[in-house]
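**Q** Below you will find the structure I want to go over with you.
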Amino acid sequence: MLKLFSAFRKNKIWDFNGGIHPPEMKTQSNGTPLRQVPLAQRFVIPLKQHIGAEGELCVSVGDKVLRGQPLTRGRGKMLPVHAPTSGTVTAIAPHSTAHPSALAELSVIIDADGEDCWIPRDGWADYRSRSREELIERIHQFGVAGLGGAGFPTGVKLQGGGDKIETLIINAAECEPYITADDRLMQDCAAQVVEGIRILAHILQPREILIGIEDNKPQAISMLRAVLADSHDISLRVIPTKYPSGGAKQLTYILTGKQVPHGGRSSDIGVLMQNVGTAYAVKRAVIDGEPITERVVTLTGEAIARPGNVWARLGTPVRHLLNDAEFCPSADQMVIMGGPLMGFTLPWLDVPVVKITNCLLAPSANELGEPQEEQSCIRCSACADACPADLLPQQLYWFSKGQQHDKATTHNIADCIECGACAWVCPSNIPLVQYFRQEKAEIAAIRQEEKRAAEAKARFEARQARLEREKAARLERHKSAAVQPAAKDKDAIAAALARVKEKQAQATQPIVIKAGERPDNSAIIAAREARKAQARAKQAELQQTNDAATVADPRKTAVEAAIARAKARKLEQQQANAEPEEQIDPRKAAVEAAIARAKARKLEQQQANAEPEEQIDPRKAAVEAAIARAKARKLEQQQANAEPEEQIDPRKAAVEAAIARAKARKLEQQQANAEPEEQIDPRKAAVAAAIARVQAKKAAQQKVVNED
């Protein structure tokens, strides 16, 4: 450790394996100062311009916005975006963005009003009096992300560093050819960059602060040294020009001699790195109170007449910037966003500038050279020699091409920084970086699917466990309810058990009777009498119910009378056809006659108790009386014409007598209840009564004969 610290004091630097030295081509754009670009008419602001999820929209179509006004809310790793100028929100819809595949992402489209009015700005000039948490939250809510190309939220990165950061590294290497955005920013705004570095140091409290810059930027080195002349807490380290010395792991090793482990982060070894442009954005957010709405973009290439570095508002269409730089496209013109090694070709020029856009390269045909056809790998190992991450690009190429994801993961394809050094030196012109990007995307998709499947499985298992717990709790409640009755139920159960035990004791107790005495059966007799009384009461109640139902309906009574008459006729026919030798028991005939008289009296009572409002039609009564007289005449004729040897059936005679008496009484009641205006013929009534008396006398005489 002592040797390591002494090496730091001597400004010792280390060198990493691999790397290349391509033509720099930086002099095209780093010789002119930063300039402003006229406002575009329309701005397209994608909601996601960083690593992580997009924020929540807080504006709607038709809203008036000011420059710096939040368009989304930032929570967690969601970084907000802000309006680049004042104007009106005309649409919120998907739009193609800065992506190798030009994927469409949800964007806010603003029509500028030309006034470019800011929101009220509240700067914290005394930021040292603010807490660490307040500063980190302000940096996050003002939309600051890594401007070196990764786009990781700066606030989240500072929060994750915590108290374990010992070394703060400011990346000023800018190693890729053509790009001079950081170089020009340090030349024109060195004091503001250093102020942003001091804010980061105040938040992290590291033991040392290192600025790493390549030796191909002499003007920027001079400006930084001038600003840091009286500072002893910040060290400026000039390193040799080598690509890709600006990589995070490579620059960390160059300045500290420490290597970031495979699959790890620089914070694991106590190092945190920020870009020069990010430090400048932190200064504007904290001290000036300005959210990030613009950044420095390099416009370069031989197809551009006015190359240089400009302040480009976020959301400005690429076409607008190129036109301002006097873009002269050829027939098959190519425009690259980023550098020639790590950038990607734009499918069209309507994509907007975002936070990670640091360069727009429009090369001529001479700069690009003739397109080379991809050849087969010759296993020369030049790619392995040039790889700064100590990987085996040749093996990764075969694994990627053969869809062998497990082997590619085992060979640490995730550590590939996609610098393009392997593709630069490949004699077979194999686009290795494209294969590696595709392979990493496929592996990420597979892991995402596995994660979703694991989450779904966890949710299913949690649901099953919850259902099992609920079932067990439900069974336990039922069991408790069955075993533990309420207090009143317990008392009732105890009383019932006591009665049962008492009865059992009485049943098992022997009855002792002394000699000459009788057992006391009074209790048994009383119980028997009580049961009989209860049965009689129930029978009487049932009989009253039936009688009430019968009396309440006079129609039913009439129907029953008709049925009785039909049964009587049928009985007469059966007796007439019966054999003469079969004699009828006179006692049975008397019993049946008595039953008939009882039924007749019951019928009279029912008719007398019938509802008064139901009046008997006198016409019907007269008709029935006529029918009765006709039947009587017919019966007399049959008896007169009968053979002397045929004996009269006493049962039939008794029934007919009972029916005749019932009809006579019914006729009398009907006549008594008839309307006064409808008078009955007294002669007919007298005749009917005489006939009834004659029939009754005959029946009585026949009964006497039978008894003799």
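Numbering starts at 1 and runs along the chain as displayed.
Keep in mind that glycine also has a Cβ here, set from the backbone N, Cα and C atoms.
Quick caveat, the model's predicted, so the values are computed rather than measured.
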**Q** For the feature region 'Disordered' as recorded in Swiss-Prot, pick the matching range from 47-99, 630-682.
**A** 630-682
**Q** List the helix, strand and coil residue totals of the domain '4Fe-4S ferredoxin-type 2' (407-436) as derived from DSSP.
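**A** Counting residues by DSSP class gives 17 helix, 0 strand, 13 coil.
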**Q** Where among the binding-site residues Cys380, Cys387, Cys416, Cys422, Cys426 do you find the Cβ with the fewest other Cβ atoms within 10 Å?
**A** Cys380
**Q** An 8 Å radius from the center of the Cys387, Cys416, Cys419, Cys422 Cβ atoms defines the neighbourhood of the [4Fe-4S] cluster 2 site; name the other residues of that chain inside it, in order.
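**A** Those within range, site residues removed, are Gly18, Cys383, Ala386, Pro388, Ala389, Leu391, Pro393, Ile417, Glu418, Gly420, Ala421, Leu432, Val433, Phe436.
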**Q** Of all the binding-site residues given, namely Cys387, Cys416, Cys419, which is spatially nearest to Cys426 ([4Fe-4S] cluster 1 binding site) at the Cα level?
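**A** When the Cα distances are compared, Cys387 comes out closest.
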**Q** For the domain '4Fe-4S ferredoxin-type 2' (407-436), provide the mean pLDDT of the predicted model.
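**A** A mean pLDDT of 93 is what the model gives the domain '4Fe-4S ferredoxin-type 2' (407-436).
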**Q** Find, for the listed binding-site residues Cys377, Cys383, Cys419, the residue with the lowest Cβ contact count at a 10 Å cut-off, counting only other Cβ atoms.
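**A** Comparing Cβ neighbour counts within 10 Å for the binding-site residues Cys377, Cys383, Cys419 gives Cys377.
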**Q** For the domain '4Fe-4S ferredoxin-type 1' (369-397), DSSP counts of helix, strand and coil?
**A** 10 helix, 0 strand, 19 coil
**Q** Cα distance, Cys419 ([4Fe-4S] cluster 2 binding site) to Cys377 ([4Fe-4S] cluster 1 binding site), nearest Å?
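**A** Roughly 20 Å, rounded to the nearest whole number.
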**Q** How big is the gap, in Å, between the Cα of Cys422 ([4Fe-4S] cluster 2 binding site) and that of Cys380 ([4Fe-4S] cluster 1 binding site), rounded to a whole number?
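**A** Approximately 12 Å lies between the Cα of Cys422 ([4Fe-4S] cluster 2 binding site) and that of Cys380 ([4Fe-4S] cluster 1 binding site).
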